[in-house]
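Let me begin by presenting the structure, written as structure tokens, before commenting on it.
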Amino acid sequence: EAGEECDCGAPENPCCDAATCKLRPGAQCAEGLCCDQCRFKGAGKICRRARGDNPDDRCTGQSADCPRNRFH
């Protein structure tokens, strides 16, 4: 939704303020394959294992999303 930084559906989420749908102070992310304990995983961390001839997908260190490698 517009203006939301995170999914405010779960009040127990330690990264997201359920009342405002904003990240809590100090949090970089609230969910995603490249989010761990409210912080972006480091660049190069595997977020999706290789399948077939495609290599592993790896976090960028700048986002909670797991980017698809260029071979997909």
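Just so it is clear, glycine is given a Cβ too, placed from its N, Cα and C backbone atoms.
In Swiss-Prot, CYS47 is paired through a disulphide bond with CYS66, chosen from CYS16, CYS21, CYS66.
Note on the domain 'Disintegrin' (1-72): its mean pLDDT in the predicted model is 90. Secondary structure at CYS6 (disulfide bond), taken from DSSP and collapsed to helix, strand or coil, is coil. Counting every protein chain shown, 19 other Cβ atoms lie within 10 Å of the Cβ of CYS38 (disulfide bond).
The Cβ of CYS59 (disulfide bond) lies under 8 Å from the Cβ of LEU33, CYS34, PHE40, LYS41, GLY42, ALA43, GLY44, LYS45, ILE46, CYS47, CYS66, each on the same chain and at least six residues away in sequence. The Cβ of CYS29 (disulfide bond) lies under 8 Å from the Cβ of CYS6, CYS15, LEU23, CYS35, CYS38, ARG39, PHE40, SER63, ALA64, each on the same chain and at least six residues away in sequence.
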